[in-house]
C-alpha cells in the first residue's frame, strides 16, 4: 500500500522543531505517512504553532485559511502546539474546517488525533516525560533532545506555563539512550532543550537518579564520538558557580551561552517575576566572560514592559554596554492572555515602545560590527551542516558564529579549520586551511 502524504509547517522555537520531529516519527513509522513539501498532494496537513507573542497567533489563522483553499479533497488539517493549548475550542469556532487540535503537552496523541473526528487534546497536566517516541531527525549531524517539559516560573509576561504546563525533567536514562542512538546514526552534536535547562533534576515523574544539569552535561560528554553539546534555554537564576565552571572547562560543551536578560532594571525584573536582579545578572555574565574568554553570549530583551520608565530602559542599555552580547533577540512587550502583565494598568504606548526597540537594536548593531570585525584572520573549527547557493557551504563554530566557505556537499557533517577572511554581521566568510 502506498504511503499517505504528510505536510508539516513549524513555527516558533527549537522545542517546537523537536515536537514536530516527534510527530513526524509517530506518523511515518506507525501510520504509513511519508513527508512531502507539496501541500497540494498532502493527505494530512499539520501546523505546529507558537504563542509567545501575539503575531504568530494571528499568523495561524491566515495560514490555515490558506491551507483550506489549496488542500486536496479529503485532506485533514491539524493545529498543534502552544496556540492549540491556549485557544482550544476557539480554533474550531474560527476555523471549522480544522479537523483536530493538539496542544504542546499532548503530541504523543497524534496517532489518536488523526483517527478521531474533531479531536481536542489540550491537557497541560498530561505527562509525556517518559513517553517512548519513535525516532526522526531533520539533520543527520545535529540532534535535538528534550531534557524537560513545561515551565513553572510563571513570569508575569509569559504564556508558556499555560500552554506547556509545569516543569518535569525527563529521566537521564531516556536522555542518554536518545543521545547514544543519535551519535550511532551520525550525529556529531546534540542540542539539549528545555524551558529552563539548568533547573534540570528538580522534579521527575517518578523516582530517578538524582543529578543536576551540570552533572547531566558531564555524563553526556562521556559518550564516545559525541563531539559537541549545546543547550537552550538556561535561566540566569540557576547559573551557579558549578554550572559556569562545567560550561567553561568541559571541552565538549560549546562555548555559546544564551542568557535571557529581559530587562536591565531590577524593578522591572521584579515586576516580571524573574527572580534575579541586575546586579546578579551582571555578576554571572561577567564571571562567565572571565572563566571563558571565547564565549559568545546571546540574550532576550523585552522593551516597554508595563511601567518601564526611561530610567528603567537606560538600565537595560547599561547591561548591553557592559556585557556586549554577540546576539540579541529583542521585542516590544506583547500582551498575552492569562498573564498578570496583561492586566497591569501602566501599559506603554506604541510610539515609545518602537523608539526604545530601535535605540536598542541600533546600538547593538554597532557593538556587533565591532565584535565581528575582530574575528577576521582568526581560525575556527567549523562543523558544516548546510548547503548554500553558489557552490557554498555553511556551518557553525564552537561559539556559534555562522561561517560560510566555498565547498560542496561532501563537506557536510565534517569538521574543518577555517580562516576568516571577511566578517559580516550575520555570516563570517572564510577559507578552509
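Note: Cβ is positioned from N, Cα and C throughout, glycine not excepted.
Cβ neighbours of residue 50 ([4Fe-4S] cluster 1 binding site) (same chain, under 8 Å, six or more residues apart in sequence): 11, 12, 13, 16, 56, 81, 82, 83. Taken from Swiss-Prot, the feature [4Fe-4S] cluster 1 binding site applies to 13, 50, 82, supported by sequence analysis.
What Swiss-Prot records for 151, 155, 158 is [4Fe-4S] cluster 2 binding site, and it gives sequence analysis as the kind of evidence. The Cβ of residue 155 ([4Fe-4S] cluster 2 binding site) lies under 8 Å from the Cβ of 262, 272, 273, 274, each of these being in the same chain and 6 or more residues away along the sequence.
Annotation source Swiss-Prot lists domain 'MTTase N-terminal' at 4-119, citing sequence analysis. When DSSP labels each residue, the domain 'MTTase N-terminal' (4-119) comes out as 56 helix, 27 strand, 33 coil, counted as helix, strand and coil in that order.
The domain 'Radical SAM core' annotation in Swiss-Prot covers 137-370.
The feature domain 'TRAM' is assigned by Swiss-Prot to 373-433, with sequence analysis given as support.
Cβ atoms within 8 Å of the centroid of the Cβ atoms of 13, 50, 82 (the [4Fe-4S] cluster 1 site) belong to the same-chain residues 11, 12, 15, 16, 49, 51, 52, 56, 81, 83, 104, 163, site residues excluded. Regional average pLDDT for the domain 'TRAM' (373-433) in the model is 96. Fewest other C-beta atoms within 10 angstroms, among the binding-site residues 82, 151, are seen around 151. The Cβ centroid of 151, 155, 158 marks the [4Fe-4S] cluster 2 site; residues of that chain outside this set whose Cβ lies within 8 Å of it are 153, 154, 157, 159, 160, 161, 195, given in sequence order. Cβ neighbour counts within 10 Å, taken over all protein chains shown, single out 158 as the most crowded of the binding-site residues 13, 158.
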